[in-house]
Amino acid sequence: MRAIKDMSSIKKIEGFDIDIEKIPKHIAIIMDGNGRWAQKRKLPRALGHRAGVDAIRDVIETSSNIGISYLSIYAFSTENWKRPQEEISTLMKLLIEYLRKEVKELHKNNVRINTIGNIKKFPEDVQNEINKAKELTEHNNGLCVNIALNYGGRDEITRTVKKICNEFLNDGLVIDDIDEKLINAYLDSSNIPDPDLLIRTSGEYRLSNFLLWQCAYSELWFTEVHWPDFTGKHLLQAIEDFQKRQRRFGGI
Ligand code: IPE
Ligand code: IPE
Ligand code: MG
């Protein structure tokens, strides 16, 4: 009886067997390979980044359609400031352009925009655009697109430790109050469950400082595909794979 019920929740979506009752709640993506995508085509890196921004639309659409609750995308790391100033400026420009162009449509589709990372280091016009997008969409209850901007896992944890120390000094917190739940509550991602699935594109097998605390038990999925070539179909492929895995969280 149970087997029949389980089978019935599996649907063919774009050729993939997706169990719609086991859709991951939170998917995190390290969108890597814009530069290599451009290099392969003998184009400037900036065009790789532009193509990378365009690729986001399809992934958001698929995520929204199949009922994912949170999609975290790594857009700019605390280490990306090491890049040439010109490339950093291009990335800032593209971010403003993206928000100006896409937010209305996202809002119409009930998408909520959230960010993690310290955006105070960004130019004011970038910060304004981010804050406008967050305010406009804050009451939406569809997919939450969580954009990691000037984000680093270590930086997030460091800022969290500082916030907790302030609570000791000013609000009577005591050492015994500290547990995982409390630490979680002071992270940038406090209102977001841990990622079930972490995807990295472009053939690198590392976290590059993304969601270090939150990915303790995430399933990892890697692909050689460069980010600008990544589509909703690749996302479905990752989900199909994820659904075949047995998550044990240390149990048996
Ligand atoms: C990812 O693509 C985008 C950002 C890090 C902002 P890259 O720019 O890292 O592309 P590769 O790794 O050089 O190919
Ligand atoms: C990770 O990619 C950061 C983002 C995707 C925003 P990088 O290209 O910066 O990572 P490394 O340098 O290859 O580890
Ligand atoms: Mg890279």
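A Cβ is built for glycine as well, from the same backbone N, Cα and C atoms used for every other residue.
Heads up, TrEMBL stuff is auto-annotated, nobody curated it.
Look at TrEMBL and you will find Asp32 tagged as active site. Listed in sequence order, Arg200, Thr201, Ser202, Glu204, Ser208, His226, Trp227 are the same-chain residues at least 6 apart in sequence whose CB falls under 8 Å from the CB of Asp32 (active site).
Per TrEMBL, the feature Mg(2+) binding site maps to Asp32, Glu219. Over all protein chains present, the Cβ of Glu219 (Mg(2+) binding site) has 18 other Cβ atoms lying within 10 Å.
Gly35 (substrate binding site) counts 19 other C-beta atoms within 10 Å of its own C-beta, drawing on all protein chains shown. Taken from TrEMBL, the feature substrate binding site applies to 33-37, Arg45, His49, 77-79, Trp81, Arg83, Arg200, 206-208.
Taken from TrEMBL, the feature active site, proton acceptor covers Asn80. Listed in sequence order, the residues of the same chain lying 6 or more apart from Asn80 (active site, proton acceptor) and placing their CB within less than 8 Å of its CB are Ile88, Leu91.
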Arg200 (substrate binding site): secondary structure state under DSSP, collapsed to three categories: strand
Entries of Asp32, Trp81, Leu207, Glu219 (recorded positions) sitting next to ligand 2, with Cβ under 6 Å as the cut-off: Asp32
Distance-selected recorded positions near ligand 1 (C-beta under 6 Å), from Asp32, Gly33, Arg200, Leu207: Asp32, Gly33
Distance from Glu219 (Mg(2+) binding site) back to Gly33 (substrate binding site), taken between C-alpha atoms, in Å: 21
Distance [Cα-Cα, Å, rounded] between Trp81 (substrate binding site) and Glu219 (Mg(2+) binding site): 29
